[in-house]
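So the structure is just underneath, and the comments pick up after that.
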Ligand SMILES: [Zn+2]
């Protein structure tokens, strides 16, 4: 047998961060708020004011002084995150030794966290922690995102059109972390909701049972949330609007208006910065949906019978997969999947099967689904959602069929016919708390 190089993926900080750190209580897992911000939050009133923006210097651009406040912080990772922000926005970060001014104090605290926005009253600097497990570019960029004034994407007032919160899976007492922030509190500046935002949480934050707390309305977009591989187009667009960068660039380019279409904007070099799925010098050609162009080939909507498998099957699946097989039956039919193979790790990798609730299902791992086992939906949709942290096994294969829905009255006048029972109980299922314990015993890795 060939040697298998097994890799595994660390868990995102929203699953590992402590609730409280040396600097205070964390809101929404990684944000520190000032007393005034806590008060405003409780009152749900406007906070996204200019007061929390980093001020402009003589060159007309916003400047963020920073220093390394302890010897242990990963300076290479911090500098990479800063370079990423400088590359995509007009913010300038200045390494400083002057402690007597508002600035970012990068340190290696417990976990990853930051204050939200520029806190003018912290005249000797505001803390930002890049702790163990926080050094990926996407995570450093996320914490800097808070420091420049971003809240979490899933807190947006309009989020219910895009995601569904599974309240029943949230750790007791933590429901508040999924509260929407009111329109007066955040200003999304007309930028549409972005699953691929670096500020979006993954699906498992604050989960009490290993099940999803955040499910995307289109299941194919589940793979985009919490991926955290850097600022998205809409993140940089929002930051560049918040800090007036686009107007400054247009002025420098002697442009009166912004010629960029379909969500593009004028960048530093006077050319359009175009979102994924568009092309042309003014982003004028819309080739594909913004999200579709960022998804893997694995996530798919399936409307005809056939075979569905884990990626690379029968070779090993890759690590870091989130993949949706969204099976939609024709009118008066119910989708059914019958497994011919099922082989996952114990239990870092898992398959979720949704048969009655399109946002929440049961989880399977190891070899807990015997060949020949069928699952039939009670609605016209059935969703298989596959998650991996390792690449240690071959995965699964299943046949999709559609059976008659006994409760369906088609438009044509036809007497109802008797049908065989459609719902088969799953054969074996690991207890959720056991699966939870296994999932949560994985070591955090840097
Ligand atoms: Zn955060």
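Cβ from N, Cα, C; glycine included.
The active site annotation in TrEMBL covers 143. Non-local contacts of residue 143 (active site) by the CB criterion (under 8 A, 6+ apart in sequence, same chain) comprise 30, 81, 112, 113, 114, 128, 129, 130, 134. Following the DSSP three-state reduction, the secondary structure of residue 143 (active site) is helix.
Cβ neighbours within 10 Å of residue 146 (Zn(2+) binding site), excluding its own Cβ and spanning all shown chains: 22. Sequence annotations record features per position, and here TrEMBL assigns Zn(2+) binding site to 142, 146, 152.
TrEMBL lists 417-429 with the feature compositional bias 'Pro residues'.
The domain 'Peptidase M12A' feature in TrEMBL is assigned to 45-246. Each residue in the domain 'Peptidase M12A' (45-246) has a pLDDT score, and their mean in this model is 91.
Under DSSP, residues within the domain 'CUB' (283-403) fall into helix, strand and coil as 3 helix, 55 strand, 63 coil. Annotation comment: TrEMBL describes 283-403 as domain 'CUB'.
DSSP classifies residue 152 (Zn(2+) binding site) as coil under the three-state reduction. Between the binding-site residues 142, 152, the minimum number of other C-beta atoms within 10 Å of a residue's C-beta occurs at 152.
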